[in-house]
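For reference, the structure discussed in these notes is given below.
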Amino acid sequence: MGHQQLYWSHPRKFGQGSRSCRVCSNRHGLIRKYGLNMCRQCFRQYAKDIGFVKLD
């Protein structure tokens, strides 16, 4: 079995490996609430543009 046959051969239909950030394709720190599907770093960058307001 060569590398081409083994690379990404495992099915990724659920779990962390199946989801990624819609902005930067990162798989860590993903915020899925409200269908955001953004990592926390990108969320902080785009939160104001999306319409989120930081409360005191």
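Heads up, the Cβ atoms here are built off N, Cα and C, so glycines get one too.
Within the same chain, residues at least 6 positions away in sequence whose Cβ sits under 8 Å from that of CYS39 (Zn(2+) binding site) are CYS21, VAL23, CYS24, ASN26, ARG27, HIS28, GLY29, LEU30, ILE31. In the three-state DSSP scheme, CYS39 (Zn(2+) binding site) is classed as strand. Annotated Zn(2+) binding site per Swiss-Prot: CYS21, CYS24, CYS39, CYS42, in sequence order, evidence recorded as similarity to another entry.
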